[in-house]
Amino acid sequence: MKHLRRFGASHVALAYSMTTLGAGMLGSIFNFYYVKLFLNKYKISEGAFHQSQVIYMVWNAVNDPLFGYLQDNSHVPCCSQRRLSILYGAPLYSLAFLLPWFPWRSYSPDDWLSGLHLMVALCAFDAMLTFVLLAQCALFAEISGLHQSRLQLIKYNQVASLIGSSSVLFCGVLSRNMEDFAAFQAFTVLIAILACGCMLYTGFHSESRFDKKGCPPGTGDQTSSQSALSWSSIRTMTWQILTNRDFQCFVIMNFFQVFILTFFSNFTMIFAEHLIPADKLPSLAKSFMYGAGFICPQILVLSSQSLLHSIGYYRIILLSFYTEFGMALVMMALGSHHYYILAFFLTINMVIIQASFSLFNLPLADIIDSDLQKYKRSSPLSSMVFGTNALFTKPAQSLAPMLVLNILNQFGYNENSPCLCPLSSPTVPPPHLKPTSSGFLKTHKEF
């Protein structure tokens with residue numbers, strides 16, 4: 001705890017949370033807008049969309065344990081030291097964020113290049129996200145082993161996430177929910193610069209308890225660097241993680257949580273635009289609705305600090321699952337023609353799902369501590385545990401949009417999805433999007 005005493009717990013928590021602020025600004029905009037951009041503006045074909053998602057799913061799953069093992073066992077400082085991984089990864093992370101928003105040419109419908117563009121954008125963004133955020137996740141477990149210190153990190157983290165998530169609100173208002181595409185592109189460049197600066201602050205000012213260790217995490221003091229990097233070492237440590245029953249239960253739960261979180265992040269805007277008429281909820285109101293879905297989860301977690309202390313994260317997460325299930329039953333019984341209730345349902349679901357997901361670092365940190373004690377390691381396998389968890393849960397980020405898009409297209413979404421109008425074009429909605437039309441809107445009302 002020397003670095004905690006030297007710099008102060010608040011300063012350490014602030015430095016840690018700055019990466020959350022930067023990543024929150026980038027991730028919120030990326031996940032919220034990329035599906036709509038490629039489907040509605042770039043007019044990517046369903047086949048190319050699925051192909052890109054499959055390649056992304058494989059890469060998304062593989063790179064987490066790969067980077068996890070690299071960060072836990074490498075002797076190269078930019079990989080082995082958490083703060084340096086963030087410091088050097090931040091500029092590349094910000095550049096990868098900008099890839100989707102600038103088309104490589106003027107795309108025609110079903111253009112093969114738009115499919116390649118999506119694949120490159122997804123894989124590049126996820127690679128840098130993984131490299132930077134695995135290091136930050138490892139810092140969460142390694143800054144302090146005290147539960148109270150970790151709760152303080154969660155508190156600072158939620159404040160940073162609250163500020164970062166507001167990027168969706170400002171982006172929606174300034175670009176009119178991406179109708180003004182030039183303004184949208186300018187805003188993404190600004191966000192990339194700000195996010196890079198935030199993450200660089202973490203790289204300069206954060207520190208792990210184990211940065212000064214002479215041997216790689218997870219190995220004994222007598223283990224040579226050659227054996228630390230052997231395949232047998234990988235198999236042994238991975239098997240020890242995989243056979244942890246708590247880890248197995250957590251991964252199963254986390255997979256479905258990632259699936260539903262991705263579902264709401266990618267498709268809330270699409271559902272709202274097709275199911276809620278503009279005369280019932282105008283564009284500005286929808287912008288605030290989308291922003292609330294990203295901002296309110298952090299407010300909810302911050303206001304639940306006393307509950308975290310009194311009843312613990314397990315019961316809070318379990319209660320959120322019951323609430324989601326109950327709200328889904330009520331919404332299904334009411335139907336989609338209750339527009340204001342539907343808007344409330346979409347927003348509250350985003351809030352609850354994201355809020356409970358924000359607590360998932362706590363059980364993983366406890367699993368890391370338990371692994372450290374059980375196998376008497378000199379340093380924890382923080383990145384490997386987070387990476388192995390991602391190996392099984394990250395595929396849900398690709399399965400969700402593929403499955404949902406396939407279902408939507410069965411009800412005519414591929415035929416009725418609006419193309420984002422150019423700046424010089426009028427913004428009058430086409431007839432098939434009006435509340436009285438047939439097609440996608442009417443089909444969903446019939447349920």
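Using the three backbone atoms N, Cα and C, a Cβ is placed for every residue, glycine included.
Worth saying up front: this structure is predicted, and the values here are computed from it rather than measured.
Database features, via TrEMBL:
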{"type": "TRANSMEM", "residues": "12-35", "note": "transmembrane segment"}
{"type": "TRANSMEM", "residues": "86-104", "note": "transmembrane segment"}
{"type": "TRANSMEM", "residues": "116-141", "note": "transmembrane segment"}
{"type": "TRANSMEM", "residues": "153-175", "note": "transmembrane segment"}
{"type": "TRANSMEM", "residues": "181-204", "note": "transmembrane segment"}
{"type": "TRANSMEM", "residues": "249-272", "note": "transmembrane segment"}
{"type": "TRANSMEM", "residues": "284-302", "note": "transmembrane segment"}
{"type": "TRANSMEM", "residues": "314-334", "note": "transmembrane segment"}
{"type": "TRANSMEM", "residues": "340-364", "note": "transmembrane segment"}
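Residues 13-14, 16-18, 20-25, 28-29, 32-33, 140, 143-144, 181, 183-184, 187-188, 191, 195, 284, 286-288, 290-295, 297-299, 301-302, 305, 308, 358-359, 361-362 of the same chain lie 6+ residues outside the transmembrane segment (153-175) yet bring a C-beta within less than 8 angstroms of a C-beta in it.
Long-range Cβ contacts of the transmembrane segment (12-35) within its own chain (Cβ-Cβ under 8 Å, at least 6 residues beyond either end) map to 3-4, 86, 90, 93-94, 97, 100, 118, 121-122, 125, 129, 132-133, 136, 139-140, 143, 152-153, 155-157, 159-161, 163-165, 167-168, 171, 178, 184, 188, 191-192, 194-199, 201-202, 205-207, 262, 265-270, 290, 294, 401, 405. With a threshold of 8 Å between CB atoms, the same-chain residues lying at least 6 positions outside the transmembrane segment (116-141) that come near it are 16, 19-20, 23, 26-27, 30, 34, 38, 42, 44, 48-49, 51-53, 55-56, 59-60, 63-64, 67-68, 71-72, 82-83, 85-86, 89-90, 92-93, 96-97, 99-100, 103-104, 150, 153, 199, 202, 206, 208, 361, 364-365, 368-369, 380, 382-383, 386-387, 390, 394.
A Cβ distance under 8 Å defines the sequence-distant neighbours of the transmembrane segment (86-104), meaning residues of its chain 6+ beyond its ends; these are 19, 22-23, 26, 29-30, 34, 37-38, 42, 78, 113-114, 117-118, 120-121, 124-125, 127-129, 131-132, 135-136, 184-185, 188-189, 191-193, 195-196, 199-200, 202-204, 206. Using a Cβ-Cβ cut-off under 8 Å and counting only residues 6 or more beyond its ends in the same chain, the transmembrane segment (181-204) has close neighbours at 15-16, 18-19, 21-23, 25-26, 29, 33, 41, 83-84, 86-91, 93-95, 97-98, 101-102, 132, 136, 164, 167, 170-171, 174-175, 420, 422-423.
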